[in-house]
Amino acid sequence: MKKYDYLLLRFGEVTLKGRNRARFEKAAVEHVRALMRPYPDAKIRREFGRIYVDPGSENVETLIPILQNVFGMTSLSPVRAVQPELDEIIRAAGELIEAMNLDRETTFKTNVRRVWKDFPHPSQESNPLVATPLLKRFSLLKVDVRNPELELRVEIRDKAAYVYGEVIPGVGGFPLGTNGKALLLLSGGIDSPVAGWSALRRGLELECIHFHSYPFTSEKAKEKVIDLAQALAEYAGKVRLHIVPFTEVQTSFTQMGQDNLMITLMRRAMLRIATKVAEREKALALVTGESLGQVASQTLPSMNVIERATELPILRPLVMTDKDEIIRLSRKIGTYETSILPYEDCCTLFVPKSPTTNPNLRIVNKIEAVTPNLERLIEEAAAGTETIELLAGGSRLRREQADAEAAIKQDWF
Ligand code: ATP
Ligand code: MG
């Protein structure tokens, strides 16, 4: 017998109130649908500002860690659904408590709500009817109606009574995409994937852009970034990744004899190209993994000069976050192991011995004005962008495809 029948997803008061409610609910349902794409059997139902997921042939336990990632969701509960009859409710509640394997005294109350008025006992009267037999059966349960550790909830409706006790925290934030679209500058490092996840959690729809300097940076480095974008797609359901051929822009700066300004010039060129792609894709902001003071290009004077290359707002979710904390988040969202793979990034490759921490805007402007064909190279890089779309569950699909291709090659040789 299945222990649970549904997962119940709850959303914050803030997100689901007021004029935005319908839009937020719709976005949350869409997000659940996207995350459940690899589980076509699961059914999704929206009711009274909540979402119920029927796992179909899937195990509720399998779906919990996936659905915990629904942005804007405050908590979820595995739920039993039984006939709306007192005996059935008591039996289901007993099974749930049994499954908790209580090993110490636990404070407890029931919270029964009769929505279906034909149920013979009103809400208040139902509470002791459900609680008394449970207290008799489980000697470790002690009543505390003010601040119980376990609140056993029962919702009695005409078709079924829902019984649940466990409340698992969700990630919070805003439903996916309800705060508009932004373009994430995704490198192969630790920070930018974390920045991307934070942006998604805050209700932004994301597209990613990566600057690739083939042959100075390898195919492996590109694969790594695709894997990181895929990891974000597992959270977002879907992510588009724009890969920019950056070699010509980058080498045009190396001829300028301004080594200590290399990074400043490269970052500004990246922002210019990203701005063009953002405009094309109707993204309203850029997102980076920058953190104040972390490296020479992230001092306040550097950020100040670099960000003048764009008129779009730059969102830096990690700007005030310590590296330790970023690493912790990176492990939590599962990007750390990929991020620390050694393949070089286009920037590390051209890093001068002493990059400036205090670039001069006037000088930077002058160099850019005399860099041969800069404007055209930036145009061409933006136009030559390759775009791939990554879907949740896709890492599996991509691996299968790679395996299939490898098998075909073996047949040939
Ligand atoms: P990360 O760990 O995200 O690479 P970092 O600490 O290594 O960050 P930098 O390499 O200086 O810092 O990059 C700062 C930000 O610039 C990155 O977080 C990212 O948003 C962007 N960026 C850097 N290199 C690239 C690239 N090749 N393609 C796209 N964005 C990049
Ligand atoms: Mg980096």
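Glycine residues also receive a Cβ, built from the backbone N, Cα and C atoms like all the rest.
Pulled from TrEMBL, these are the features on record:
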BINDING   LEU185, LEU186, HIS210, PHE211, ARG267, GLY289, GLN298  ATP binding site
DOMAIN    61-167  domain 'THUMP'
Task: Helix-strand-coil residue split for the domain 'THUMP' (61-167), DSSP-based - done: 36 helix, 33 strand, 38 coil
Task: Pairwise C-alpha maximum, in angstrom, for the residues (LEU185, LEU186, HIS210, PHE211, ARG267, GLY289, GLN298) that bind ATP according to the record - done: 19
Task: Sparsest Cβ surroundings (other CB atoms within 10 Å) among the binding-site residues LEU185, LEU186 - done: LEU185
Task: HIS210 (ATP binding site): secondary structure state under DSSP, collapsed to three categories - done: strand
Task: C-beta crowding around GLY289 (ATP binding site), within 10 angstroms - done: 25
- [ ] If we count other C-beta atoms within 10 Å, could you say which of the binding-site residues HIS210, ARG267 has the fewest?
- [x] ARG267
Open item on the list: Under a three-state reading of DSSP, tell me whether GLN298 (ATP binding site) is helix, strand or coil.
Closed with: helix
Open item on the list: Quick check: in three-state DSSP terms, what is ARG267 (ATP binding site)?
Closed with: helix
